[in-house]
């Protein structure tokens with residue numbers, strides 16, 4: 001068998017730069033030489049790849065084992081988290097010292113030392129602030145006559161407790177001082193109370209005819225306690241429709257507590273029920289519940305609930321109200337409006353009542369809820385706690401009621417109920 005002769009013709013190289021020694025080799029073994037311009041860039045690729053690999057490895061390790069940062073925070077999955085061990089209380093040094101001293105005081109009280117040289121005054125060093133808060137000493141003697149206690153009216157809205165204390169300290173040592181503020185807005189209500197250590201200091205204050213503080217004349221008066229005053233158990237219900245039956249009244253007011261007596265006043269001229277009544281409970285708790293809401297829907301009308309006042313309080317206030325303020329007449333004999341309505345001043349004698357609080361400030365205090373100055377109230381009988389405080393309530397008797405018969409032809413007469 002004949003062997004074909006070897007090819008003498010070799011194809012030309014594909015690239016001119018290919019070496020001649022490779023021309024006779026198979027093309028599958030040949031690789032072109034990389035361009036010269038890429039050669040300087042190749043060394044920098046290796047470090048970059050190494051850095052990327054290191055980052056990937058670090059992220060993998062971090063995900064498996066979270067590392068702690070400064071302050072105790074940890075990183076897991078690329079997010080910061082706050083472990084339970086990081087809950088620390090950062091307090092200033094002064095707060096820490098006060099807390100440590102208070103703890104030491106409590107320990108000393110529970111386990112008093114055998115050494116008698118440690119006095120109770122030392123133990124009370126940090127507890128005096130809580131035990132003798134503002135007004136605490138004044139409230140402590142509210143049921144007793146204290147000759148060193150004074151009522152200060154006509155204060156400026158800008159007068160602070162410090163200003164009042166500094167002014168009155170020139171007359172004697174001030175043991176306690178408080179300025180009453182609105183519980184909602186925190187603004188001063190223009191009056192306060194002061195307790196002197198010595199009763200003679202009160203006489204010194206009263207000897208001076210005129211007192212001026214913060215550019216305004218103030219009016220200090222001696223506090224007089226109303227001894228033996230019982231908590232209110234009797235309420236006045238105004239605006240009651242005469243059509244409301246006694247059974248309806250018992251059913252509604254009996255839900256608040258046990259009723260002792262119900263008074264339904266009658267008009268002696270017309271022999272008809274008047275537009276108000278009185279409810280007496282066996283204790284004061286139902287009265288507190290009733291006064292939580294001023295108006296109550298009873299029967300077909302809305303009624304207003306107030307605390308009834310004794311006769312002597314009413315007479316005293318009527319003497320003060322002569323001259324215009326708190327007058328019961330509502331314009332030309334009672335009713336305006338073409339003379340068809342009958343003006344019933346059914347709260348005559350109950351213009352001022354013992355409210356749930358000194359302006360709803362505290363359930364133990366009675367007084368003027370709408371106090372806007374010091375004019376027009378009884379300095380000898382204002383009420384702070386069990387201290388009587390005179391007029392200043394909104395005049396309830398001036399309101400008109402259309403309940404009852406309407407007088408014809410402009411006959412406007414008033415049903416003036418006298419106090420019990």
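Note that the numbers count up from 1, one per residue, in the order the chain is shown.
Placement of Cβ uses the backbone N, Cα and C atoms for every residue, glycine included.
According to Swiss-Prot, of the candidate residues 76, 91, 149, 216, the site noted as N6-acetyllysine is 216. In Swiss-Prot, the annotation SUMO2 cross-link falls on 209, out of 137, 209, 306.
In summary, of the candidate residues 25, 189, 274, the record from Swiss-Prot lists omega-N-methylarginine for 25, whereas the others have no such entry there. Looking up 161, 269 in Swiss-Prot shows the N6-methyllysine annotation sitting on 161. Residue counts of the domain 'RRM 1' (148-230) by helix, strand and coil are 16 helix, 33 strand, 34 coil (DSSP-based). Confidence in the region 'Necessary for its nuclear import and export' (396-420), given as mean pLDDT, stands at 39. The Cα atom of residue 209 (SUMO2 cross-link) lies nearest to that of 216, taking the modified residues 161, 216, 241 as the candidates. Close to residue 216 (N6-acetyllysine) in the fold, though at least 6 residues off in sequence, lie 154, 155, 156, 159, each with a CB less than 8 Å from its CB.
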